[in-house]
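What follows is a set of notes on a single structure, which appears directly below.
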Amino acid sequence: MQDFLALAYPWTKTLHIVSVIAWMAGLFYLPRLFVYHAEKGASAEIDSLFKVMEYRLLRAIMNPAMIATWIFGLCLVFTPGIVAWSMVWPWTKAAAVLGMTWFHHWLGKRRKDFERGENSLPGRRYRMMNEVPTLLMIVIVASVVVKF
Ligand code: HEM
């Protein structure tokens, strides 16, 4: 298994980065949809259009992309010689990735609130929360590139 992971390393990393891009696109876009939904979703027609967009973005893109990111990321973790747990970067990356996964689930809960017509947060709050994935992404990319 270790030999296979070492051989597959460039492809595993390619698939990891591709899944990360798809996941991040959704993590940036879904809170933007929530901003507009919270502020402009008054008419029944607009409300149901937002609900369909949010459902499809989460189910068809973000959930599969998050699962693929985790699978290929864990394959990289088990590839021999890639992660040195004595260094700091694997721990900062792991903490930020757990934060990103929490944020994904938080968005999923807010989507259900909108679906039930029970959203209680203003657009301003979603604008603020939109900064969370940006900050986590900076920590993650610095961790894997600088490798402090
Ligand atoms: C979900 C759990 C994740 C795990 C277990 C994981 C794990 C890993 C591992 C072990 C590497 C290999 C580092 C190397 O080849 O030196 C890697 C590479 C990378 N990861 Fe992740 N990762 C995860 C999520 C993410 C996320 C959310 C992002 C971006 C926001 C990300 C961005 C990257 C990038 C850009 C690389 C390539 C770095 C390079 O080779 O220069 N990863 N990941």
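Going from the start of the chain as shown, residues are counted 1 onward.
Every residue, even glycine, has its Cβ placed from backbone N, Cα and C.
A quick note: this is a predicted structure, and the numbers were derived from the prediction, not measured.
Features of the protein shown, as given by TrEMBL:
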type	residues	note
TRANSMEM	15-36	transmembrane segment
BINDING	His16, Lys93	heme binding site
TRANSMEM	57-82	transmembrane segment
TRANSMEM	88-107	transmembrane segment
TRANSMEM	128-146	transmembrane segment
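All chains included, 20 other C-beta atoms sit within 10 angstroms of the C-beta of Lys93 (heme binding site). Remote same-chain residues near the transmembrane segment (57-82) are listed as 1-2, 5-6, 8-9, 12-13, 15-16, 19-20, 22-23, 25-27, 29-30, 33, 97, 101, 104, 107-108, 111 (criterion: CB distance under 8 Å, separation of at least six residues from the stretch ends). Sequence-remote contacts of a segment are chain residues at least 6 beyond its ends whose Cβ falls under 8 Å from one of its Cβ atoms, and for the transmembrane segment (88-107) they are 23, 27, 30-31, 34, 58, 62, 66, 70, 73, 129, 132-133, 136-137, 139-140, 142-144, 146-148. Within 10 Å of the Cβ of His16 (heme binding site) there are 20 other Cβ atoms, across all protein chains.
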